[in-house]
Amino acid sequence: MPPKTSGKAAKKAGKAQKNITKTDKKKKRKRKESYAIYIYKVLKQVHPDTGISSKAMSIMNSFVNDIFERIAAEASRLAHYNKRSTITSREIQTAVRLLLPGELAKHAVSEGTKAVTKYTSSK
């Protein structure tokens, strides 16, 4: 068994062994994609005086990812059934109607239609 060294001594030994030159670049930290800023913006529109914990934000982010994945999978299935190679807004709309219950689906479809109309008119 090798002899134990103190934490500081081991760190110093590790640093001395590596030659750092100006050409060496720092590793870039990989960005973690999240819907957190958008969830926060919607929260502030609905309840301006309410905050959200990081745990709740993580849960909301997982929820949004899950719903998007379900919609995408259902839209893909619909396109495949109809022998189409492109997922259009029609497939997305049908997928939403199939996945979401009753009134929630109606609201989602109307908001989606409104967003698509706004996007196409801005072009």
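Every residue, even glycine, has its Cβ placed from backbone N, Cα and C.
The region 'Disordered' annotation in Swiss-Prot covers 1-30. The annotation N-methylproline is assigned in Swiss-Prot to Pro2. Marked as N6-succinyllysine by Swiss-Prot: Lys44, Lys114, Lys118. If you look up Swiss-Prot, you'll see Ser110 marked as O-linked glycosylation site, on the strength of similarity to another entry. According to Swiss-Prot, the feature ubiquitin cross-link maps to Lys118, an assignment based on experimental evidence.
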Note to self: Quick check: in three-state DSSP terms, what is Ser110 (O-linked glycosylation site)?
What the structure shows: helix
Next item on the list: Restricting to the same chain and to sequence separations of six or more, state which residues have a Cβ under 8 Å from that of Lys118 (N6-succinyllysine).
Entry: none
Check: How many Å separate the Cα atoms of Lys44 (N6-succinyllysine) and the residue listed as 'O-linked glycosylation site'?
Finding: 22
